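Here is the structure we will look at, set down as structure tokens.
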Amino acid sequence: MADRSPFSWNLAIAEYARNGHHARALEIFRAMALEGVAPDRVSCIAILDAFASLGDLSQGEFFHRTVCEASGLGSDVVVATAVLTMYNRCGSVSHARRAFDAMVVRNVVSWSAMIAAYAQRGHPGDALELFVRMDHEGVKANAITFVSVLDACASMRAIALGKSIHERIVADGLLGDDVILGNTIVNMYGKCGEVDLAREVFERMEAKNAVTWNTMIAACSRHDRYKEAFALLGEMDLDGLRPNKITLVSVIDACAWMQSIVRGRIVHEIVAGEGLESDNTVANALVNLYGKCGKLRAARHALEGIETRDKISWTTLLAAYARHGHGKRAIAVIKRMDHEGVKLDSFTFVNLLESCVAIAALALGEEIHDRLAESGIELDPVLQTALVDMYGKCGNPDAARRAFDRMSDVRDVTVWNALLAAYVLRDQGKETLGIFARMSLQGVAPDAVTFLSILDACASLAALGLGRLTHSRMLERGLFDRQAVASADLLTTSVINMYAKCGSLADAKAEFAKARRARASDVVAWSAMVAAYSQFGLSEEALRCFYSMQQEGVKPDSVSFVSAIAGCSHSGLVREAVAFFTSLRHDHGIAPTEAHFACLVDLLSRAGWIREAEALMRRAPLGAHHSTWMTLLSACRTYGDLERARRVAARLASLRSGSAYSLLASVFCLSRKWDDVRNARQSLVERGFITQPGCSWIEINNRVYEFFAGDDRLLPREEEIFAELERLCVEIRKAGYERDPIKKVHDHGEQEKKFLLSYHSEKVAVVFGLISTPEGTPLRIVKNIGVCQDCHEVIKCISEVADRVITLRDDRSFHQFSHGSCSCKYPIR
């Protein structure tokens, strides 16, 4: 080789590099350097390409500094562009930018290379900024430039700029049969959510390759157009192109999201035909498909077909078992993973805990927590938050609190939100507000998710003052700006719901009107407003709102129909409610849920159609819920249907309901069946049932007070409460009421008075409100269970003699007491 000319040396280097023999090219370059032969432009570019392919940044930088610059070749625009490209391929955008800025002369290739570096390395904003500068400097972009710019637009979801670039490409005549450019346009529209525009470009492309089809299928799958993604697979076959594993994974994922086992099995046959069943990526997608469709045996079979199972394979099967409540199998998989040397990591446990949340599998979540403790994995903030979230959403806020308290002092807003949600989900509004106060004291700034929980807490307590303060804070923070806050519409709906549940229908209507003007009233907001009217017994307004929603082009969902049927219940509109129930499936394709059955049963029961209500309950999916049977039992008490009451109580006993025996005792009591009363109460004792204690809340000066049935140990202003009771007794007699609803309290001694008064918590809350607020102030009380007939009569009388408007929200509706009457029209349960 010593006799070779410089041309021969450089040619050999270039040929080796061009054929992928980069290490050999570098060997020849070093030999050439020892012979004192200087590199030319061709060999410089070849060596830079070799360093880039090997990812050797330090040697590449050394070559740039000592050879390219020293020889003067660095000023050559082609070599300088190769240097820039080498730095990019070695992963250093900053080095690439320094090389770009040092260039004396730049052409469209060097501009395009730098824009590509930014786009490829996760700096789309810098790529677009540089493209604008390129335009200003009068450098005309080519197809390669536009590919990188469109990729940057896709990353930033910059649809407006993407459309303008597309228009320039068409105007410059660059598209034609350029498949790469066409694919990039389809990808840009797909990632920006403009699937119809993506499909339009796709259909007009003169030439398509596998990437084109994969890009279009992925766009459909990503934006919930799963059937379209599946159909494209068939069209691809008709176009003479075989699907590759990227195609098949996209279509399998679409089938999984649809939970379409039939389509999934068709794709599985194609996978088998292509010999891809043992491919990890494809097989993992199949495991996920069968797992989501509940075909766990098929999921296991798909996993067993993988030659080298990875962590994703096992985790996918594990999540499938957890999602479908197969706790023992999930634990068995964890043991087998350990046996095969597959280590569970933090990410795996987070996924498992999320699967427990999906099916509220508390027992499995606790077992996974135990396994986590045994694994020795460090509890990072993400995993700790997942634990708090799992316990909270599975109904154990106290365990969530313990997991929270075990965390380090550094707790971000996400974990605080998980803890707040844990208590909100259990309707423990007072505890939620206490946690929020602690969060504020520790200097953690609330976000939109935080305020959702606080609004729900205010709603559960009917804490209107606190709700208004919370609303004001949200306005100050600009959380209703739809351009800046993704959840602005959801927050608006939560505010409407909060005002409605706090008894301020006027505020709810005002916020809803603002949302309509801003075109932010989606189906959730409409449903909240229908529910608000329903809760206040304003059936005509509820149904008018329901019809207006449809007239404005908003399609009602399952929740909307629950609210509409509930609205009918308050006015006994049986025919209308049955019509809504029937149209659910026939006209809207919505399967009736337990909530729909419960609302209709409640209506039929209140209207005295007890036989029809019982027949309907037996058609309910998975059998009627405990609360629905309780509604029917209450109707049996109201209408004196003793035999049906026995039958319903027996059914409730199988659901282990202590409340059923208490209510059954009251049925027999009203019918003077004293032996049956004793038997019902004896059953309550023998079976060890504990009925849910009554609890009421009232907000005074932005502070929430809580009262429990039969518990006066922590009764605030106790003496004043009983003094006010005595005064009310006198006033009621003076008013000329023939029946004194508080007489049974008045005629007893002090201890008996205290017991009888405090036995039902709403009475205490009302009297406390009277002595704690100025005359004429409306009172708002919330009770966790239904108000009884006795308390209902008492509060009616109090509203007359005290001249107060008293709003009481129990577990199903509002009662607005004023001038001795109540807004409700049907018998109290």
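Cβ coordinates are placed from backbone N, Cα and C, and glycine is handled just like the others.
Because TrEMBL annotations are produced automatically, they should be read as predictions rather than curated entries.
Remember, it's a predicted structure, so these values are computed and weren't measured experimentally.
Summarising the annotation, TrEMBL assigns domain 'DYW' to 736-825.
The annotation repeat 'PPR' is assigned in TrEMBL to 5-39 (among others). Within the same chain, residues 45-47, 49-51, 53-54, 67, 71, 73 sit at least 6 positions outside the repeat 'PPR' (5-39) and bring their C-beta atoms closer than 8 Å to a C-beta of that stretch.
Regional average pLDDT for the repeat 'PPR' (107-141) in the model is 94. According to TrEMBL, the feature repeat 'PPR' maps to 107-141 (among others).
If you look at the repeat 'PPR' (178-208), the same-chain residues 6 or more away from its ends with a CB under 8 A from one of its CBs are 143, 146-147, 150-151, 153-155, 157-159, 162-163, 166, 169, 215-216, 218-220, 222-223, 225, 239, 241. The repeat 'PPR' annotation in TrEMBL covers 178-208 (among others).
Positions annotated as repeat 'PPR' by TrEMBL: 209-243 (among others).
TrEMBL lists 310-344 (among others) with the feature repeat 'PPR'. Applying DSSP to the repeat 'PPR' (310-344) sorts its residues as follows: 26 helix, 0 strand, 9 coil.
Here the repeat 'PPR' (412-446) has Cβ contacts under 8 Å with residues 381, 384-385, 388-389, 391-393, 395-397, 400-401, 404, 453-454, 456-461, 463, 466, 697, 704, 706, 784 of the same chain, all six or more residues outside its ends. Positions annotated as repeat 'PPR' by TrEMBL: 412-446 (among others).
Long-range neighbours of the repeat 'PPR' (522-556) within the same chain, counting only residues 6 or more positions beyond its ends whose Cβ lies under 8 Å from a Cβ of the stretch, are 489-490, 492-493, 496-497, 499-501, 505, 508-509, 512, 515, 562-564, 566-571, 573, 576, 588, 809, 813-814, 816, 823-825. What TrEMBL lists as repeat 'PPR' is 522-556 (among others).
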Chain residues in Cβ proximity to the repeat 'PPR' (310-344) (below 8 Å; excluding those fewer than six residues from its ends, i.e. six or more beyond): 280, 283-284, 287-288, 290-292, 294, 296, 299-300, 303, 351-352, 355-356, 358-359, 361, 363-364, 367-368, 371, 375, 377
Residue distribution over DSSP helix, strand and coil in the repeat 'PPR' (178-208): 23 helix, 0 strand, 8 coil
